[in-house]
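What Swiss-Prot says about this protein:
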type	residues	note
ACT_SITE	E118	active site, proton acceptor
ACT_SITE	C368	active site, S-methylcysteine intermediate
BINDING	C139, C143, C146	[4Fe-4S] cluster binding site
BINDING	G194, E195, S226, S248, L249, H250, N325	S-adenosyl-L-methionine binding site
DISULFID	C132-C368	disulfide bond
DOMAIN	125-363	domain 'Radical SAM core'
REGION	1-21	region 'Disordered'
Amino acid sequence: MNHALNIDARNGNAPRIDETTPRALPSLAGMTREELRLVAIDCGVEEKKAKMRAEQLWRWIYHYGVTSFDEMTNISKDLRAVIADKYALHRPKLIDRQVSVDGTRKYLIELAPGVECETVFIPDVARSGALCVSSQVGCTLNCTFCHTGTQALVRNLTAAEIVAQVMIARDDLDEWPTSNENRKITNIVFMGMGEPLYNLDHVATSIDIISDGEGIAISRRRTTVSTSGVVPKIEELGARTGTMLAISLHATNDTLRDELVPLNKKYPLVELMNAIRAYPGLGNSKRVTFEYVMLKGVNDSLAEAKALVKLLKGIPAKINLIPFNPWPKSPYECSDWDQIEAFADVVNKAGYASPIRTPRGRDIFAACGQLRSESQKVKASVLRKQRLADGASPQA
């Protein structure tokens, strides 16, 4: 039986490489179990033994985080040499790493020439922390309070590129091999650049890899996917991933939400709330997190707090109140702290947990709503010319 691993199909958005440039070997880091099985077959392993070899590769890549085939000591030297001739173990390039005064770390990662995303590690006061990952470069939603919304969508990230963000952070934090003791990254939040539900296939595959107990092993219950309200995909997200759900809400009526989150014009609040109520597994042990950015004089009145309580009636939920994090030329100001506390008091008295999120990483523009890269979308006509220059079909 013939088997072919189509690496180009996995990275269909990646730009073509000029023929004069040595072609980079495809990396095993970010591949699924099935893809690793096909790699084994491609390297001459008998089909009946390929699953076992894939398991070995998986453990070395995702449990131990190795970056050299020489470290894979339970795989024969001959097989390692064959694999190393065809594949690599590299991560995407880490361009910049900034550390905030509060310990927050921001990583600028180059996925391809001119294509960059940002990832943020947020340490907790206890021995835990969350890694905020991106699912797209840029965004299409144009939320008016979010810096990423000022950057046009460049492209979706592949599952491998999402997983790579976790691996790069673990490299930096010295978190290999995987251990249940003294972990720094205990939670994954899809709250970085982009709308995850507009890239659900790759997001779901990345969660399968990240949550696997024999690898990185960050469970689905410790993974939260945030959406601005892509209603048709919410139930599918729950069915496919089993993760926690967060909603980027920010307003309690359609008029204001249309302004803050323009996606609301397509999927208004009544449709959004119905989709949330249908989320698989919803209950007191699996509450929805509602994110509410506090904008001075815009959505922070006590009347809005009461309207929020009414809107969420009957939904197991907690509300994260997020002090607005400014960015250059942003049109909003953060609510006064006394007003935020008064707002939280109304929500708390109604029986909802409503923690006020402590701003983290503001000094390095790593806080909520501040992420943005300088990547720009390459026009389709330019990509076609690149493909023709490489001798490929313009439709490739």
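Don't overthink the numbers, they just go from 1 along the chain as shown.
Using N, Cα and C of the backbone, Cβ positions are placed for all residues, glycine too.
Sequence features, as recorded in Swiss-Prot, placed on the structure.
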residue: C132; record: disulfide bond; contacts (Cβ under 8 Å, 6+ apart): T119, V120, F121, I122, V189, M191, G192
residue: E195; record: S-adenosyl-L-methionine binding site; contacts (Cβ under 8 Å, 6+ apart): S135, Q136, C139, T140, L141, T227, S228, V230
residue: S226; record: S-adenosyl-L-methionine binding site; contacts (Cβ under 8 Å, 6+ apart): V189, F190, M191, P196, A246, I247, S248, T289, E291
residue: L249; record: S-adenosyl-L-methionine binding site; contacts (Cβ under 8 Å, 6+ apart): R257, F290, E291, Y292
residue: H250; record: S-adenosyl-L-methionine binding site; contacts (Cβ under 8 Å, 6+ apart): C143, F145, R257, L260, V261, E291, Y292, V293, L295, N299
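Its own atom aside, the Cβ of G194 (S-adenosyl-L-methionine binding site) has 28 Cβ atoms within 10 angstroms in the protein chains shown.
Model confidence over the domain 'Radical SAM core' (125-363) is summarised by a mean pLDDT of 93.
Note on the binding-site residues C139, C143, C146: the fewest other CB atoms within 10 A surround the CB of C143. Fewest Cβ neighbours within 10 Å among the binding-site residues S248, N325: that distinction goes to N325. Taking every pair among G194, E195, S226, S248, L249, H250, N325, the residues listed as contacting S-adenosyl-L-methionine, the largest Cα to Cα separation comes to 19 Å. E118 (active site, proton acceptor) sits 11 Å from G194 (S-adenosyl-L-methionine binding site), taking the CA atoms of both as reference points.
Distance noted between the C-alpha atoms of G194 (S-adenosyl-L-methionine binding site) and C146 ([4Fe-4S] cluster binding site) is 11 Å. All protein chains included, E118 (active site, proton acceptor) registers 24 other Cβ atoms within 10 Å of its own Cβ. DSSP classifies E118 (active site, proton acceptor) as strand under the three-state reduction. Of the recorded residues, N325 (S-adenosyl-L-methionine binding site) and C146 ([4Fe-4S] cluster binding site) place their C-alpha atoms 9 Å from one another.
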